[in-house]
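Copied from TrEMBL, the annotated features are:
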- 202: active site, proton donor (ACT_SITE)
- 8, 9, 10, 11, 12, 13, 14, 15: NADP(+) binding site (BINDING)
- 102: NADPH binding site (BINDING)
- 187: L-homoserine binding site (BINDING)
- 352-426: domain 'ACT' (DOMAIN)
Ligand SMILES: NC(=O)C1=CN([C@@H]2O[C@H](COP(=O)(O)OP(=O)(O)OC[C@H]3O[C@@H](n4cnc5c(N)ncnc54)[C@H](OP(=O)(O)O)[C@@H]3O)[C@@H](O)[C@H]2O)C=CC1
Ligand SMILES: N[C@@H](CC=O)C(=O)O
Ligand code: NA
């Protein structure tokens, strides 16, 4: 008897997954055990890029997760509800679940994994982070004997695609976003990509796996890329950096607290993450004793994501074929305690800041004095441009406590010579 799939969603990822499963030649022979039994969609009238028997497609998704014949539910619909409820129902009916839905896992992971553990089934989520890049299973299995210190990633394909094209072609933000949507990279609501929320969901998942505890999503500091302008990209370039949306989870050396954050960051050009362009993602994991290991590959798109979804399905087929009484602890997620996350003001980092000031002598000196009052030392100060009669000054600091830097900025904002501070970015 074949293993019966109930797939929820036939959009970009669902279609890619069905295409892969319908084209098995040259792939793992275990795939032949799989039957696409039901596929749930919102509309039966839409033209699809795959052919499926009429009785397979349905708009009754609840019937799929309740159907005793279904062995594995593959949730590829996205969004929070009804995805969360359908996943929980599937688990409660004793079905394994594969999902690409980082939004649901980052918010309801505790509830979902507890339900799965009680039901004695697995929830697999390789596609939820880094698209096609194998990173979830390596963190759960191959790297799990390491003490992880830092996970640093470019983990949103849409924003990396946008920033790359803004940098290399000087393209306009909204034109490139429209291309990312057309290519199937963006979320149904691309706000979550652009505002950094998708990357925050993903780093919460990676941090949970890497540091062995639950992560409260509200504790993850998050800034998106809307504030990144062509001007900043040009200045960064001149200073030897590229701007990337980084997601970082790092253990403080002197406490058990974590720093978990997403923000646009100036990355030095020689750094391995600086050369990750377009829809590609990369995740740099640092641990002991392994040192550094980097995972690189396509972070979004139909085929790449289908590869991750189908590898999870294949793992579950293998589980179903070799049924064991006890669950495999390397497949489950059983964290009970929450990781302690330090506030962003405690972060120690370098900063890039761009000021528009009146073109008067002594402005740079006044800036330097304010920074000095809070122990902020400057690595470089550049004054090259003018904008609308205002002088443009760019500074890069040495490492500073974010709280001290913000106090200095508050004082600087009150200086008569300062018009505005259009950009404030962290430097890796
Ligand atoms: N796109 C990508 O590159 C990646 C996406 N993901 C994740 O994969 C998931 C799917 O993304 P993607 O394929 O891009 O999304 P799409 O918007 O392209 O597809 C969503 C599918 O789900 C169906 N659907 C959505 N809501 C409902 C509902 N309430 N009832 C019935 N059917 C519903 C839609 O039906 P219909 O077709 O009838 O409208 C559609 O087939 C998301 O969680 C996303 O975050 C993860 C990695 C990469
Ligand atoms: N919208 C996401 C899709 C993959 O997770 C992205 O752009 O990375
Ligand atoms: Na992945």
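Cβ atoms here come from the backbone N, Cα and C positions, even for glycine.
What TrEMBL annotates, mapped onto the structure for a quick look.
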residue	record	DSSP class
8	NADP(+) binding site	strand
13	NADP(+) binding site	helix
102	NADPH binding site	helix
187	L-homoserine binding site	coil
202	active site, proton donor	helix
Listed recorded positions among 9, 12, 14, 15, 187, 202 whose Cα sits within 10 Å of the residue listed as 'NADPH binding site': 202
Those recorded positions in 8, 9, 12, 14, 187, 202 whose CB falls under 6 A of ligand 2, listed in sequence order: 187
Of the binding-site residues listed as 8, 11, 14, the one whose CA lies nearest the CA of residue 187 (L-homoserine binding site): 11
Lowest local Cβ density among 9, 11, 14, which the record lists as binding-site residues, within 10 Å: 11
Other CB atoms, at most 10 A from the CB of residue 202 (active site, proton donor): 26
Residue 202 (active site, proton donor) versus residue 12 (NADP(+) binding site) - Cα distance in angstrom: 19
Number of Cβ atoms other than its own within 10 Å, given for residue 13 (NADP(+) binding site): 28
Close in space, distant in sequence - residue 8 (NADP(+) binding site), Cβ under 8 Å, 6 or more apart: 14, 39, 40, 61, 64, 65, 73, 74, 75, 76, 77, 83, 86
Other CB atoms within 10 A, centred on residue 12 (NADP(+) binding site): 23
Surrounding CB atoms that lie within 10 Å of the CB of residue 187 (L-homoserine binding site), all protein chains: 19
